[in-house]
Amino acid sequence: MATGQDRANVVASGFLTLLASQIGTRLVTFIINLLIARHLSPEAYGLSSVQFHLLTTTALFISREGFRRGCLRFGGADADGADKDHSSDADSSRAKDAKKGAAGTGSKDSSSKHGSGIDNRAVLRVAWLVVPLGVVVTAAVCGLAIWRHDVAVAAAGAGGYTATAGSAGGDAGHVAVPYYREAVLLHGLAALVELAAEPFYILASVHLMFGARVGVEFASTLVKSLVTLGLLSLPSLAPALLRRLGLALEGAAAPAGSAATAAGLPPALVFSAAQLALAAVALVGYGVVGWRLLRADKRTGARSWLSRWTPQELRVLGTSAVFTLQAVEKLALAEGSKVVLATMQSAVNQGVYGLVSNLGSLVVRTLFQPLEEAAFAAFSAWGAEASPATATAAAPAAGTGVQGSAGGVAAAAGGKEEQARAKAVEAEAAQRRLAPLAAALGPMVKAVCVLGLAAAAFGPAYAYTLLRLVYGTRWSETEAPAVLAAYSVYVLLLSLNGIGEAFVHAVLDARGLQASNALLLLFTAVHLAACVGLVGRLGALGLVAADGANMVLRIAYSAWCIRRFFRPLPSFSLRRDLLPSATTLAAFAIAACASGVSNYVFLVAPGTDGSTPQRLFLRRVAPHVAVAFGLLAVVSGVMLRAERATLRQVVEMRRRRGREGEPGVATTTSKKED
């Protein structure tokens with residue numbers, strides 16, 4: 001059975017694997033999406049990044065998130081001992097397989113070390129339920145989207161006008177989007193195709209196959225971006241083919257002033273085709289991964305696909321159901337603000353927020369998400385082992401209590417001594433069990449906090465510069481710079497909340513998850529109320545403010561849960577163990593002030609705006625950017641001195657991971673665990 005330190009090593013290895021993929025993927029897709037944004041108006045960009053994003057995210061997140069998290073419990077203690085309910089022969093076989101896996105090289109993939117005792121059929125028997133649930137959820141979401149659009153257009157028509165997708169003002173709900181119904185149905189089909197691959201994705205996650213996931217995610221994201229760019233560029237690349245498509249669409253041509261691409265293809269259909277391409281690649285990729293895992297499964301005494309469900313499978317199914325309910329609440333928290341934006345704001349404001357959220361969350365998706373996924377996968381398996389270990393440790397204390405009450409005064413005194421010794425043993429066992437987890441969690445929280453601090457310190461002063469250089473005056477002269485500045489501070493809150501919730505949800509039991517769900521429901525209500533009040537007054541900027549208030553509440557709850565979880569560890573401190581040093585915090589605060597002064601001196605005071613010639617703008621912005629590089633160098637030097645202990649801890653985790661990949665070390669570890 002893997003120890004807490006083993007989990008930390010898996011986190012370090014898995015995070016670096018996912019990080020390398022995310023950097024490569026985001027770098028390529030960022031360049032492609034930059035070209036896409038230059039082809040689209042803010043209205044069309046909002047259609048993709050807000051409305052269709054809500055449609056796809058809602059269908060997929062509700063259908064699969066609970067199973068993604070719940071099925072990771074197959075990788076915990078149950079993977080080594082739950083099959084005792086079925087067959088002692090299967091247990092013996094699994095123990096032999098585990099020893100063979102530990103004695104092998106074990107360095108090619110995380111699954112070779114941690115997946116040897118996993119019953120693939122048991123995982124798939126639970127995971128396939130994603131598909132029927134997804135059919136129901138996707139049908140409901142698509143039907144609701146079409147109904148809402150038709151009602152809004154009918155109401156606008158009754159008022160004597162019909163806005164088009166190119167209208168800059170008015171309620172976004174009154175916009176008549178060309179081919180909206182067809183696009184919604186195609187997005188629903190893409191969601192079902194992607195959900196068909198989900199059981200194999202879950203199987204790969206249970207085996208901690210980060211490398212396989214990296215390849216599939218990179219390929220699918222790249223194909224989606226290339227298809228979008230190719231279809232948007234189609235008029236210049238293939239005029240003859242576009243003319244044929246134009247003839248096919250001639251009977252239902254987009255209305256004048258719509259946000260269709262030049263010469264004909266409506267953006268709604270372009271986005272739908274790209275989403276279908278992503279789903280197809282994901283299905284093929286994860287299908288191959290799942291087939292390889294099933295083919296390599298040499299377990300003896302495996303159950304039939306149609307046999308009765310085991311207690312382990314029922315426990316995982318119950319946990320998945322709890323996580324699914326929690327996913328609904330988290331979706332409302334994460335995307336409820338976009339629903340308010342799509343309902344109350346114009347298509348232009350939707351596009352501005354869509355661009356800023358995609359650009360601002362680039363750091364979140366590239367750096368934070370891989371670490372959260374790797375941490376949740378490793379800590380979920382550890383959380384499944386925590387309850388049995390705690391119960392075993394508590395057993396001696398219970399026995400001594402009964403024994404003490406049965407004797408006389410002398411026996412009672414002896415019983416008290418036994419109780420004290422038992423409590424001391426229990427406390428020592430708890431500290432041994434929790435110390436590696438605290439040692440692993442600390443560097444992760446500090447790492448994401450440093451990245452969030454960098455975004456908060458430099459983002460507000462360089463938001464306008466970034467938008468002007470990358471996207472041009474078409475976007476820099478809108479509300480986008482102010483929204484991006486606020487979003488930069490919001491990234492700091494996202495960083496702290498993401499890793500905190502990943503750890504808390506991984507180690508909570510079913511009762512704790514239910515309590516968490518109840519609080520998330522309360523946070524959802526507060527968040528939506530803040531969205532309605534702030535979006536109406538401040539637009540997209542109010543949306544970021546409401547999201548920030550929501551993050552503060554969730555961070556506070558996660559911090560309380562983490563402190564309570566590590567309560568048996570007296571040396572643990574939230575401030576000392578999870579946050580950067582005071583020197584690092586002061587360095588970032590000074591850098592934020594200095595970058596703000598630089599922005600005022602070089603850009604604001606000279607009156608830089610959209611009318612400023614590009615050559616003059618570049619001359620003004622050059623020293624401003626140079627200041628940023630200088631400040632980054634100074635802050636990095638300060639951190640290297642102030643965070644030496646954390647850096648040594650990370651290096652040691654990587655070295656231990658490398659030693660465990662050697663055959664001799666793996667064999668020794670296996671013997672110790674036996």
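Using the three backbone atoms N, Cα and C, a Cβ is placed for every residue, glycine included.
If you look up TrEMBL, you'll see 12-32 (among others) marked as transmembrane segment.
Taken from TrEMBL, the feature region 'Disordered' covers 80-116 (among others).
The feature compositional bias 'Basic and acidic residues' is assigned by TrEMBL to 81-100.
The compositional bias 'Low complexity' annotation in TrEMBL covers 101-116.
Residues or ranges marked as transmembrane segment in TrEMBL: 122-147 (among others).
For 184-210 (among others), the entry in TrEMBL reads transmembrane segment.
As annotated by TrEMBL, transmembrane segment applies to 222-242 (among others).
Taken from TrEMBL, the feature transmembrane segment covers 273-294 (among others). Counting residues 6+ beyond its ends, the transmembrane segment (273-294) has Cβ neighbours under 8 Å at 52, 56, 120, 124, 186-187, 189-191, 193-194, 196-201, 203-204, 207, 209, 212, 215-216, 219-221, 223-225, 227-228, 231 in the same chain.
For 441-464 (among others), the entry in TrEMBL reads transmembrane segment. Proximity of distant same-chain residues to the transmembrane segment (441-464), defined by a Cβ-Cβ separation under 8 Å and at least 6 residues beyond the stretch ends, is recorded for 11, 15, 360, 363, 367-368, 371, 375, 476, 480-482, 484-489, 491-496, 498-500, 503, 562, 577-580, 584-585, 588-589, 591-592, 595-596, 598-599, 603, 608, 624-625, 628, 631-632, 635, 639, 643, 646, 649-650, 653.
The transmembrane segment annotation in TrEMBL covers 484-508 (among others).
For 520-543 (among others), the entry in TrEMBL reads transmembrane segment.
Sequence-distant contacts of the transmembrane segment (578-601), counting only residues of its own chain at least 6 positions beyond either end whose CB sits under 8 Å from a CB of the stretch, comprise 441-442, 445-446, 449-450, 453-454, 456-458, 460-462, 464-465, 562, 623-624, 627-628, 631-632, 634-635, 638-639, 641-643. Look at TrEMBL and you will find 578-601 (among others) tagged as transmembrane segment.
Residues annotated as transmembrane segment in TrEMBL: 621-640 (among others). The list of residues near the transmembrane segment (621-640) in space but at least 6 beyond its ends in sequence, with Cβ under 8 angstroms from a Cβ of it, reads 450, 454, 457-458, 461-462, 465, 468-469, 580, 583-584, 587-588, 591, 594-595, 598-599, 602-603, 647.
Feature annotation from TrEMBL assigns region 'Disordered' to 654-674 (among others).
Within its own chain, the transmembrane segment (520-543) is flanked in space by residues 326, 329-330, 332-333, 336-338, 340-341, 344-345, 349, 352-353, 356, 479, 482-483, 486, 549-550, 553-554, 557, which lie at least six positions past its ends and keep a Cβ under 8 Å from the stretch.
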